[in-house]
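Each remark here refers to the structure printed beneath this line.
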Number of protein chains: 4
Amino acid sequence: MAVDDVIDALSEGRDARVELYKELHRSPELSMAEYGTADRIEQELTRLGLEPVRIGETGVLAIIDNGEGPVVAMRADIDGLPVAEASGADYASTATAVLDGETVPTMHACGHDVHIVSLLGAIEALLARGDAWSGTFVAVFQPGEETAEGARSMVAAGLVDAMPQPDVFLGQHVMPTIPLGTVAARSGPFMSAAASIRITVHGRGTHGSMPDAGIDPIVLASSIVLRLQTIVAREIAPSQTAVVTVGSIRAGSKSNIIPDSATLLVNTRAFDADVAAHLHSAIERIVRAECAASRSPKEPEIEYYDHFPLTVNDEAVTEKVRRSFDEHFGEHHVPVGAMAGSEDFSILPAAFNAPSCFWVLGGFADPATAPGNHSPAFLPELESLDVGARAILVASAPWLMRS
Amino acid sequence: MAVDDVIDALSEGRDARVELYKELHRSPELSMAEYGTADRIEQELTRLGLEPVRIGETGVLAIIDNGEGPVVAMRADIDGLPVAEASGADYASTATAVLDGETVPTMHACGHDVHIVSLLGAIEALLARGDAWSGTFVAVFQPGEETAEGARSMVAAGLVDAMPQPDVFLGQHVMPTIPLGTVAARSGPFMSAAASIRITVHGRGTHGSMPDAGIDPIVLASSIVLRLQTIVAREIAPSQTAVVTVGSIRAGSKSNIIPDSATLLVNTRAFDADVAAHLHSAIERIVRAECAASRSPKEPEIEYYDHFPLTVNDEAVTEKVRRSFDEHFGEHHVPVGAMAGSEDFSILPAAFNAPSCFWVLGGFADPATAPGNHSPAFLPELESLDVGARAILVASAPWLMRS
Amino acid sequence: MAVDDVIDALSEGRDARVELYKELHRSPELSMAEYGTADRIEQELTRLGLEPVRIGETGVLAIIDNGEGPVVAMRADIDGLPVAEASGADYASTATAVLDGETVPTMHACGHDVHIVSLLGAIEALLARGDAWSGTFVAVFQPGEETAEGARSMVAAGLVDAMPQPDVFLGQHVMPTIPLGTVAARSGPFMSAAASIRITVHGRGTHGSMPDAGIDPIVLASSIVLRLQTIVAREIAPSQTAVVTVGSIRAGSKSNIIPDSATLLVNTRAFDADVAAHLHSAIERIVRAECAASRSPKEPEIEYYDHFPLTVNDEAVTEKVRRSFDEHFGEHHVPVGAMAGSEDFSILPAAFNAPSCFWVLGGFADPATAPGNHSPAFLPELESLDVGARAILVASAPWLMRS
Amino acid sequence: MAVDDVIDALSEGRDARVELYKELHRSPELSMAEYGTADRIEQELTRLGLEPVRIGETGVLAIIDNGEGPVVAMRADIDGLPVAEASGADYASTATAVLDGETVPTMHACGHDVHIVSLLGAIEALLARGDAWSGTFVAVFQPGEETAEGARSMVAAGLVDAMPQPDVFLGQHVMPTIPLGTVAARSGPFMSAAASIRITVHGRGTHGSMPDAGIDPIVLASSIVLRLQTIVAREIAPSQTAVVTVGSIRAGSKSNIIPDSATLLVNTRAFDADVAAHLHSAIERIVRAECAASRSPKEPEIEYYDHFPLTVNDEAVTEKVRRSFDEHFGEHHVPVGAMAGSEDFSILPAAFNAPSCFWVLGGFADPATAPGNHSPAFLPELESLDVGARAILVASAPWLMRS
């Protein structure tokens, strides 16, 4: 088949791509500040003969117009994380960045460098075998996935006008939960909606020996934490998947001073818009009621950030992709349930009202011992670079490949 | 009476002492780092003709041997606090210090500068009127009261061998709770025993979307906070005075990462040794049990610090002091209950097995509107410098003054 | 088809069956005390020419041996509930029974009377059209479903020896969640495993004004209730279906007496044996740890009762049943997810190591307004008697009906 | 002294009084239903030559007018409790009564039978030695102390018009906390103000497997219980004596049914009217806020009952009583702090605007092992009958006895 021809072409630039990957892995940049990474991607696309376009500050767009036929868009996210790498690789990151005024180490702890190089590999192969396919392939290198800002920022910066209307929008993520070499997709809700909420509740500070002279915000915050547990336990249908996590609680600095306020960082997950809405309304209800129970002197501050949409795979498109995976990956096309994580990918196809499919690929030999995403030890096998490129070609095949 | 003679002498150095007070107020130093303050005190004592001795790094001892008679020791604490002054005074502190690696503003927010200058005033007057009294007056300038380290450090540095055995050990504190110009003392338990406890409980970190893959230390810490409320509410006799305050809770930094551990800073107060012991055993019991409830993978760390003894005034000594206060302060000698705060003063008389009396003096015209100790607005009236000096002379009178 | 012949025969005894149903509905009996109900069933079976056998106190078995062929067993549960009927029907229950020494009203609030009469209808039709089918049909009238005692009791009383080895074991339940006239089944886990747990925790009683003289079991029990919420919220994978409900809490009787103990009744649900095991171990862990936090003077009592197994439908058998439903019910064969409720049905096929299928049938015209099972208003439409009988015949068809 | 004369007279009817005591102890009656007890008291007073008057249903008044002089009123409360006696005495109660429709055992578990017989003893002695004293002694046998109804009921029934204006109003209680033979009184707040509150919070019932379909009132009630602990722990000054006890929590009856509501019985104690008011306002605030946190569908019901006033002993009167105790009880007059219990006694003197004094007497040899008031084992030594009578005579002496 034609797609096999294109896949064969992957061997050509492989060694250079591994080097590029190591270079990227060494120098990750934080969300919405991927200036060097975007430059490097542009450089590479230019080297391959394309004319990349910056979309916003750090988004990059490249279009391969290869004659009549459908338009397939493929997105790769490109940002790193404020994590200190402990992978032990000789190409481990030594980079740092400034975050909220503090210098922090940075790391590609979520494999976005794999995504970049896989997409560049697919592009290289498509360019090398132009006769095997027909249509338009659009590569979208997206910044700021980790903070849910990047997809929105590319749309805001004019992505829709900068590229042809896609017939299908594709995306992928490397995962530790399925074995190296495998791919998996699922129709319908695939990755959860997520939101982060910064909640500050107010007490009234006083000396620790005179609690009656103040209002204790730590007792208040702790009551909120326990009450929040009842949302998933009591208010959401047991058959629904929903998560309310308090990831951070901070108040006070001395044992004998009751502080003025406490701050919680809360994260929610849901696979259904109504459930997500219920979670948020329940959180706000509980926060306000517990403030009343404590006679808090001031309204709580409740600020949403990092808002990820639900990732829902289009049924027809996903059926096509999965059939193509079956043909080319065989038993390496594995089943998968809904994933706990979240993505801002869906914002891109939504901007075009285009159907989409997002899949995952294995990055580690043994899921049982693989480190989780965002772990300091997260280091996918180099082989995943090829698997990622192949997956892009195979997923695109139903639209682009000559039979 | 003789003591009136000595009191009259206070007028002599008054203006210079006010200037010295403003100088000290401008340049507070943190506990156990009062190098400049101790130097300045020594300088002043030398100017008055005494031969001060350093006890440890920043403690200062001065002895006035004025012939036959009892030995009266008087302690003044000398350390400042990491508070940013907002008193509005033209002599407000602009000093900073390094605390745990961070640069912080410092402030005499607990009036220890008043204590220093009051004691220097009393010394100056005693020296000026040596014929009015007989015996030995020992001035103990003690560092590190705020952290409960200073009294212990002076004892460890040889205080007992450096001075004669006192017949009585005296101490005082300026307070916003009684009016300017008044003094107050109380026999028996006067200031509470206090302890601080740093408690770290362990969970197991994981991504916020997969709570089942970890153990949530924030839910654990919050459960502990709520359970700790039941100690005072249920386990201590309602007629007892006891406090358990969680002054700080800290865990995690991102909404979507469940952290590995949480740290609580807890403060306890009690006016009875059995009650204090019960508080501590109950806190430990609850922390360990809640860790078990959460299947915490690791023993909690429970570390005591800032351990203040109960301040108990000797009955006979206090009776003498109060009678002298009655005579000299009249209606400005006011009644007082047990105080919520804590002191490490008692460690000094305990080292000598000497009876002691600790009293308080008013620092502000109107207790109803006065700022609390440790408040950024804490600024006693300058008049309190004289009141403090007079209180020392009057309290010492039963032992030292010729009749 | 042959099964249509048999279904036609349902019209013959219909009016009498409606009367029988009303009679049963008027006189429900509690679990394991269904003496009158069992007698009435036996009477009816005898009237139809069968020779029913008592299995245990109140179980009834009837076998129709109709020549060569597979053995199909069908179970109907027969017990009522301690609920005061408020259905408004002229045949509403006025019966009472003695429960734990108290006289309580009883009601067929879960439709088991529908199950009895549906099975009798199917038997009547099978007997009337013996030439349309071949094989053995075994009717199992089971007591004590509501308390999870009945299936076990029939097995203990020798059910396995009293009937031939079944090729398939069938069961059904009338539900308000799908419309009247419809049936639904689902392969795999269909109804949850459930268990009830009676937990008594001990404090030490005292006068309410002297909490320190006792140990407060109400604070202890309340802490347990809140901590139990964290099991589903934090310890079980969000994608799993699990429930921990505290359905009853009881302690004390006077405001000013702290009682000696508190009793919780807890109910768990899970669709996975590991999840169920985790729920129970977590509940026990939390109860014991909270007792330790309260320094409870005595081990808690933790007693399991009403233990319902997971109801798992055999894949091959269910496929056959569903295909038969498709043919005969057409669009009235509706899809269904896993149900929240629980059943002790599975204990019967498990005793024979026989494959089984359990389905549901609609009892109310409009699921949106239908009362829930166990509600005082639960009154399925009379038409459901026929639907239930038809469902039994259709489900049995793949094994019994001549083609 | 004259009072010794009167005390001597106690020996005269002692044996008969012990028999009467045993008779009363065997047949206790519940609050406001002390018909038999009141009859028996009247009978005894009539036997002694007095003309007792019923005040209300079960209150009894007797006046000894013995010439010129002050009027001393002495109150004895007469009701028993719904407790099953387990004292082991041969005169243990075997009585029962109907309470809220249930038959319950009754017991003099708070020693009111001692109070009755002590007062009768004092009356007998006063009558026997009329020449030793002068003035008017008024005996008030009051029903319903346990439920705080009795004093109010006697006032409502016209007590003020039925007796002369007292110069002093006295009362006493037998206690296990001081040794047999001793008496104790204290000026100022002596017994706490108390109130009981019945709180019903509403959820929405549902099947236990579908928590999302309802609102869980048990989680709500448990949250309230834990939050109530923070009132004493955080909102009341540590030096204040305050108690908030949840003595009963009741909700639901089956493990698998989430009930509609939960009921708490709460009891408060305070020695200061402002503190009591704060307790009640904080309880209401917390209950309402927690209902909001649970989105309770209906306002909670909050009903106060059993409202006991603060028992405050008049300073001048108590000084007189204590001096008399010193003279006659010597070292058996012991010091005492404020007591945790509550009394409706104060309502009587308040009705007359008369000064009052309430004291306690020891009922058991060893306070360390004595059972608490309301305990099934509460059985004061018979000797306390005499101690109680003596205490009345001694306390009255400053007003009544000739010198």
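Cβ atoms here come from the backbone N, Cα and C positions, even for glycine.
Unlike curated records, TrEMBL annotations are generated automatically.
Per TrEMBL, the feature Mn(2+) 2 binding site maps to B:Cys110, B:His112, B:Glu146, B:His374. When secondary structure is read from DSSP and collapsed to three states, B:Glu146 (Mn(2+) 2 binding site) falls in the coil class. Cβ neighbour count for B:Glu146 (Mn(2+) 2 binding site) (all protein chains, 10 Å cutoff from its Cβ): 22.
The Mn(2+) 1 binding site annotation in TrEMBL covers B:His173. For the recorded site, B:His173 (Mn(2+) 1 binding site), the DSSP three-state label reads strand.
The domain 'Peptidase M20 dimerisation' annotation in TrEMBL covers B:194-292.
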Using Cβ atoms only, which residues of the same chain lie under 8 Å from B:Cys110 (Mn(2+) 2 binding site) while being at least 6 residues apart in sequence? B:Gly80, B:Leu81, B:Glu146, B:Asn373, B:His374, B:Phe378
Run through the Cβ atoms and count how many others sit within 10 Å of the one on B:His112 (Mn(2+) 2 binding site). 27
For the domain 'Peptidase M20 dimerisation' (B:194-292), the averaged pLDDT of the predicted model is 96
Determine the most Cβ-crowded residue among the binding-site residues B:His173, B:His374, using a 10 Å radius around each Cβ and all protein chains in the structure. B:His173
Check: same-chain CB within 8 A of Mn(2+) 2 site center, minus B:Cys110, B:His112, B:Glu146, B:His374: B:Asp77, B:Asp79, B:Gly80, B:Leu81, B:His108, B:Ala109, B:Gly111, B:Glu145, B:Asn373
In three-state DSSP terms, the structure that B:Cys110 (Mn(2+) 2 binding site) belongs to: coil
In DSSP terms, the domain 'Peptidase M20 dimerisation' (B:194-292) comprises 42 helix, 35 strand, 22 coil
Write down the Cα-Cα distance for B:His112 (Mn(2+) 2 binding site) and B:His173 (Mn(2+) 1 binding site), rounded and given in Å. 8
Are any of the binding-site residues B:Cys110, B:His112, B:Glu146, B:His173, B:His374 near chain A, where near means a Cβ under 8 Å from a Cβ there, and if so which? B:His374
